[in-house]
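Participant: So TrEMBL says this about it:
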- 40-99: DNA-binding region (DNA_BIND)
- 90-152: coiled coil (COILED)
- 1-15: compositional bias 'Polar residues' (COMPBIAS)
- 19-28: compositional bias 'Basic residues' (COMPBIAS)
- 38-98: domain 'Homeobox' (DOMAIN)
- 1-38: region 'Disordered' (REGION)
Amino acid sequence: MYPNVYTSSIPQQGESKPARPRRRRKSKSVAVVGGEGSNGWFRKRKLSEEQVRMLEMSFGDEHKLESERKDRLAKELGLDPRQVAVWFQNRRARWKNKRLEDEYTRLKNAHENVVVEKHRLDSEVLHLKEQLHDAEREIQRLAQRVEGAISNSPISSVSVVANQTTPFFGDYEVEVGDDSDGYQNLFYSPEYIDGFEWISPFV
């Protein structure tokens, strides 16, 4: 049934499909809102060196941009206020990134200096510990030598007993008195000592 309809719906072998038309991409134009032109759009104009210099000077004076200052700069430089605002926004972003990079570099250098100083102090502490150990060994060696010298000294074999008298010639006393010749008897010795018998010269 209906052979013509069936055969027309099936493409014949070797028959190519019709090519679809390609869509043309819309060209993106750099534009800034608020300018003159159709629907409030206009192509962004490249800033001149003088305009950039004036904007940099103004940014150096104050990073924030108030509305009155924005309008004044736009009027002086012949730019759209929105373009001035975008420039300040981008410049502040670059300025903050630069500050972060500088702070990071400063902290990194400080950290490296601290690490180097720590290594130096660790080496110095190790050296001082070695010196202390050597000094303790030297003190111990000298103490042993002094003890050995004292133990071998002849003075250590002599014992001195305080307040002890050994009567060899007896007890001596000083006797003061006048004799018939006017001389004083300075010493007196007993006539008898154990083991000895003295002959009195006055007998």
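For all residues, glycine too, the Cβ spot is worked out from N, Cα and C.
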Participant: As a quick check of your reading of DSSP, tell me how many residues in the DNA-binding region (40-99) are helical, how many are strand and how many are coil.
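Facilitator: In the DNA-binding region (40-99), the DSSP-based counts are 44 helix, 3 strand, 13 coil.
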Participant: As a test of reading the model: what is the averaged pLDDT for the coiled coil (90-152)?
Facilitator: 92
